[in-house]
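Pulled from TrEMBL:
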- 12-32: transmembrane segment (TRANSMEM)
- 333-352: transmembrane segment (TRANSMEM)
- 359-382: transmembrane segment (TRANSMEM)
- 388-410: transmembrane segment (TRANSMEM)
- 431-449: transmembrane segment (TRANSMEM)
- 461-488: transmembrane segment (TRANSMEM)
- 517-537: transmembrane segment (TRANSMEM)
- 877-896: transmembrane segment (TRANSMEM)
- 903-926: transmembrane segment (TRANSMEM)
- 932-955: transmembrane segment (TRANSMEM)
- 976-995: transmembrane segment (TRANSMEM)
- 1001-1031: transmembrane segment (TRANSMEM)
Amino acid sequence: MGFTELAIKKKYVTFTLIALLIIGGVGAYFNLPKSENPGFIVKTATIITYMPGASPDKIENLISDKIEEAVKEIPELDYVESTNKTGFSLVKVNIESQYKDLRPIWDSMRRKVNAIKSQLPSNSIGPIINDEYGDVFGTIIGITGEDYSYAELEDMVEDMRDELLTIDEVAKVDIVGQQDKRIFIEYDNDKLSEMNLSPYQLQQMLAGRNIILSGGNIELGSERIPLEPTGDYNDVEEIKNTLISLPDGNMIYLKDIADVREGYIDPARAKMRVDNKPALGLAISMKDGGQITKLGKKVQDKVEYFKTQYPIGVNFDFISLQSKLVEKKVSSFTANLIQSTLTVIAVLLIFLGLKEGVLVSTLVPVVIAITFLLMSIFGIGIDTISLAALIISLGMLVDNSVVMAESIIAKFEEGMGKLEAAISSAKELKVPLLVASLVTCAAFSPIGFAQSNVGEFAGGIFKVVALALMTSWVLSLTMVPLFAVLFLKIDKKEEAYNGRIYKGHGKLLLSLMKHKVLFVILMIFIVFLGVKGMGLVPKVFMPKDKKTVMTFEVKMPKGTSIRRTEMVARNIDEYIEDKLKVKPEQEEVSFFKQLLSGGTTVKYKDEGILNWGTFIGEGAPRFTLAYSAELNSPEYIYYLINTTSVEVIKDLIPKLEGYTINKFPDSEVKAQELEIMPVGKPIQIRVSGREMDKLYDIVHSVKDKLRTIDGVEDISDDWGLKTKKLTININQDRLEKAGLSNRDVAISLQTVLDGIQLTEYRKDNDIIPVVLRDKQSKNIDISTLETTKVYSQRTGKSVSLKQIAEIKNLWEPSMIYRRDGIRTITVKADTKEGYTAAEINNQLKPWLDQEKSSWGRGYNYAFGGEYESSTEANESIGAQLPITGLVILLLLVIQFNSYKKPLTIILIVPLTIIGVAIGLLVTGKAFGFMEILGLISLVGIIINNSIVLIDRIGIELDEFNRSPQDAILEAAKRRLRPIFLTSATTICGLLPLWFSGDALFGGMAVSLIFGLAFGLLITLVAVPVVYSIVFNINYKNYEYKIDDNISIEG
């Protein structure tokens, strides 16, 4: 007894199982973790090392080079890159995309880096390894309080952080914009001289006063008791009252010769502002497996609680609230899914009639519910990818039930009983429908198995489509026959296929099969048009993300102090507040609009900026996977801006960029929408080589060439202009005669300029460095630097700097970037509207290839940006295509036990390109990664429909003993409605996704809609004709009788 017969005869068990599965699916929907996008693993770790005062080339050679060599031993390494700035090394370790379990790799990396620590300079700090670089802080809260000091605000924020960490879903809470605390001991050099005291002597006395060492242990009988001598500082007053021994034997308090105060690192490394006010931020990341919507609700509840606990004047602003965006996106896509489901059901009812339409359409919500249940079992969450996959599969999953229902009805009309018709149809169609479903699943498999970030990002499409189609196949063999037997009332008809459409279709086929040469020429012409059409479609890897969030980056010239950068940021903040900020006053939205959008439409009275966060000296915390923050850049400002609508961003971009450029002509600016995948500027050319001046020359010529190409704007490079550097050329003979060493010079200058750390002061849970520095450190210029005293660390004697050294101005790179150990400068540029990076790269590449021959050995170039990301993604898909093709071919051979029948299907596949080309050109959509997926998926659907048609030809030949000529035409007639319905339901189901304007899936929907529309003609017309050509079936003198009265003649 087959399971179809079992499902019918054990109907109460079947009903119970279906009901339980539906209930489970509904429950799964509400409990599944929800997110905007499924994301991907960031396979990057960072290694940061500080060496105060060291130039970029010293950082490169003494630190980064050694770390790079160590991590190159990691077998899973893709590439290593380093950024070398004054006093700062950042090494990024990037692992190849196929690796998912990174913990063993990072452990290996730690061991290798720790092994070379002893080779790094003794005065370096680190290396500090961060293997959680990919953590996303989707919630960022800005806290301001204009009536409170920074210290008071900091204390409140630290308490809030501790409170937020009690939330179950919270993994980490970082404080943004927090300044490092310092205890400053600022001396007056003249006063020290009066007392015959040198900064070095003061340093030694203070360092010796605050030593925290164990006193050892003492054994008393059977007890072992530790000894802890006191002597460390307990508060700032104690530091002020430290007794200093003068050379004449007298004692004096430290506070009498120096100012002692608690403060913050100066100049600051990074700052944060919110809505034109100084601020601190709380960045919150979620635990793995957490629910972002639950986290968002709990965080918002905590903020409401904070408002009742903290004084009036402390304000809270959500600069980023990922849960809100997720709820909006999921609600919108759920609305699209419901609209698509209703549309598909409506199409079925219209074309199948009420009885058969209800039978088939019942399958749709049941499949969706069971798919949600299976998603929970396989660990697939609800996000835009999984919901879009369900929408895409709606029409395809109807195919199995339509074919099954049509077969049952046809057999009943031919005289079989209902039960016999149901069992016979299931037995006949079980394997063909399985093969057809597996072929469609296989067509989606390249993205499911792609070894790349986009494979991880979009791989859920394959999983969800496969689950939905296989569920549909099972239900078409169980639920559909059962419902047909129990509920379907069928009136026996005599002539079911004699309608006008069937006759016209038969005439067209016969005409084409009588003129096969003309048909072949037409096929070739269609393929040619399709290829040419695709050549006219603009190529873009990924569109921008359509959210009510935008970013604005401002880069001042390299070497700009953070004080000037902060001044620029304040100025732009004031402009935004005065000209662009609007009040969050909402207007009422019509019920119809809310219904279509899933209740996500929000309309404000005025269009503009709602709130924003300003990050000075570095980027924002990683609030989305596609974003990677700039680190340790005093010249850098990053704005994270929340707007009233997606549409207003186009108006805001020129306003922000125009104002900033006019006000600060030396700045580089870029305002843009968020990215879906991390690409950066679309045009990037990496020029690599050893010698810096040569690299600068090559880069200069590349930038000049880019300026001559239409469509290119905002040309820059990541090294920037060389910056000023003061070099102290020490006369070694004079140095020795003065009884000094190079170390004496370095320490004396560091004490005067930046200060030198003496010891550490412990306050509560904080360890605060105690820094000794000259009071005049902020007012040093060239003339005062020359008269700065250099003290001997051994004798305390001093001479002025100009007596032993000459100060010279030099120019050096402010940053040295290396990729795989080779110095590399990346030229970056944007494209103007209407142009694509692919077009620009195609124009630039021949020139680069020609120029490269004159660069000399060891100098090379490579394209990055959109080209690199697109190539990596497409290659990861392309690597799976041969396997996919072999699987599909194997399935076809298994199904047909023939080579000619699969050949028939393969020959019509190239025709599918014409529909995609026309669709993209008509709608103005670009051809990108998701559209490639649409094209591959389209091929699977066309093959699916072709299998059903060719299988029917076999049935007509074997079971009804028709001639080959009759069999082809009869099969085409009997499969016309099922194939039409499959295409129509899929097309109509995709319409809401197209009309929603979704950035990611809009183009893919267009590819499938237009591709299926033309694919319908291909399947119903091309497959029968190509079959007749492959099997050499002659229609020259053929006459086909549709019924007793009508015939089609050649």
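Even glycines carry a Cβ here, placed using N, Cα and C.
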Per the Cβ filter (under 8 Å) with a sequence gap of at least 6 from its ends, the transmembrane segment (359-382) is approached by 18, 21-22, 24-26, 28-29, 31-35, 38, 330, 337, 341, 344-345, 348-349, 352, 390, 394, 397-398, 401-402, 405, 460, 463-464, 467-468, 471-472, 475-476, 479-480, 483-484, 487-488
Three or more CB pairs closer than 8 Å, sequence separation of 6 or more: does that hold for the transmembrane segment (333-352) against the transmembrane segment (976-995)?
yes
Taking the transmembrane segment (932-955) as the first stretch and the transmembrane segment (388-410) as the second, find out whether 3 or more Cβ pairs fall under 8 Å, excluding pairs closer than 6 in sequence.
yes
Tell me whether the transmembrane segment (431-449) sits in contact with the transmembrane segment (1001-1031), defined here as at least 3 Cβ pairs under 8 Å among residues 6 or more apart in sequence.
no
Is the count of Cβ pairs under 8 Å between the transmembrane segment (461-488) and the transmembrane segment (388-410), pairs 6 or more apart in sequence, 3 or more?
yes
State the residues, same chain only, that lie 6 or more residues beyond the ends of the transmembrane segment (1001-1031) and have a CB under 8 A from a CB inside it; answer 'none' if no residue qualifies.
384, 388, 392, 505, 508-509, 512-513, 516, 519-520, 523, 543, 900-901, 903-905, 907-908, 911-912, 914-916, 918-920, 922-923, 925-928, 930-931, 933-935, 937-938, 941-942, 945-946, 949-950, 953, 964, 968-969, 971-972, 975-976, 979-980, 983, 986-987, 990-991, 993-994
Answer with yes or no whether the transmembrane segment (976-995) touches the transmembrane segment (388-410) by the criterion of at least three Cβ pairs under 8 A, sequence separation 6 or more.
yes
Residues outside the transmembrane segment (877-896) whose C-beta sits under 8 Å from one of its C-beta atoms, at least 6 past its ends, are 431-432, 435, 438-439, 442-443, 445-447, 449-451, 455, 902, 905-906, 932-933, 936, 940, 943, 947, 950-951, 954
Residues sitting near the transmembrane segment (976-995): Cβ under 8 Å, six or more positions beyond its termini, same chain?
335-336, 339-341, 343-344, 346-348, 351-352, 388, 391-392, 394-396, 398-399, 402-403, 406, 501-502, 505, 941, 944-945, 948-949, 1001-1002, 1005-1006, 1008-1009, 1012-1013, 1015-1016, 1019-1020
Take the transmembrane segment (517-537) and find every residue of the same chain, 6 or more past its ends, with a Cβ under 8 Å from one of its Cβ atoms.
910-918, 920-921, 925-927, 1022, 1025, 1029
